[in-house]
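Colleague: Annotations for this protein, taken from Swiss-Prot, read as follows:
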COMPBIAS  101-115  compositional bias 'Low complexity'
COMPBIAS  169-178  compositional bias 'Pro residues'
DOMAIN    42-82  domain 'Chaplin 1'
DOMAIN    120-160  domain 'Chaplin 2'
MOD_RES   Thr205  pentaglycyl murein peptidoglycan amidated threonine
REGION    81-127  region 'Disordered'
REGION    148-216  region 'Disordered'
MOTIF     202-206  motif 'LPXTG sorting signal'
SIGNAL    1-26  signal peptide
Amino acid sequence: MRRVTRNGVLAVAASGALAVTMPAYAAFASDGAGAEGSAAGSPGLISGNTVQLPVDVPVDVCGNTVNVVGLLNPAAGNGCADSGEPGASYQAAGASGGTSGSATEATSGGAAAEGSGKDSPGVLSGNGVQLPVHLPVNVSGNSVNVVGIGNPAVGNESTNDSGDHPEPVRPPAEPEPSAPEEERAGPGPSAHAAPPREEVSLAHTGTDRTLPTLAGGAALVLGGTVLYRRFRPGSGD
């Protein structure tokens, strides 16, 4: 019976020591886990791939009391916070007595991953896998007693704030090359008045009056022939 009681006391005492020391290191959170990578200009088979697995698991255990036989050991006024804004952690003493732990507040940047794949031709290339995980856990202001009197747990607060993550900076787009001088469109022709056309005419040779002259000459020859045949000598008139 004594051995069982002794083992139980040792187990509870160890649990109490763990509850006291856990706020010193378990509640501490760093600036978060982040990963950044890029795959560019890696042609080939299964090349230029990026796998990122940032994990951020802040755990807060503060303001807890574990007592076998406890009297007036409150756990009150403790605060645990996980903030996404970057900053340094600080430790503040809690308003508790006995074996109560201290309150620790830390800031965390959360889990973030950023990757890019550009100009990576090939089979199964330029791919990216990102699995950011953020699992904040808060355990604060608890009181465990086997036999306890006046051990309240009040006024405790736990906060998880992921904060606003800044937008990733995108590289500027490359400007398109300008067209060569030969391909550039030149200025259009100016609208000048067309010069007047000169009328082309043939030289006057008198051929337009030849036809009436020929007709008159033919009439005269015909008339002379008729008169000659009529009045020729030896005719039977």
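Note: Cβ is positioned from N, Cα and C throughout, glycine not excepted.
If you look at the structure here, what lies around each of the features I listed?
Modeller: Per DSSP, the secondary structure of the domain 'Chaplin 1' (42-82) breaks down as 0 helix, 22 strand, 19 coil.
Taken together, the residues of the domain 'Chaplin 2' (120-160) have an average pLDDT of 74.
Non-local neighbourhood of Thr205 (pentaglycyl murein peptidoglycan amidated threonine): empty, since no residue in the same chain at least six residues away has a C-beta under 8 Å from its C-beta.
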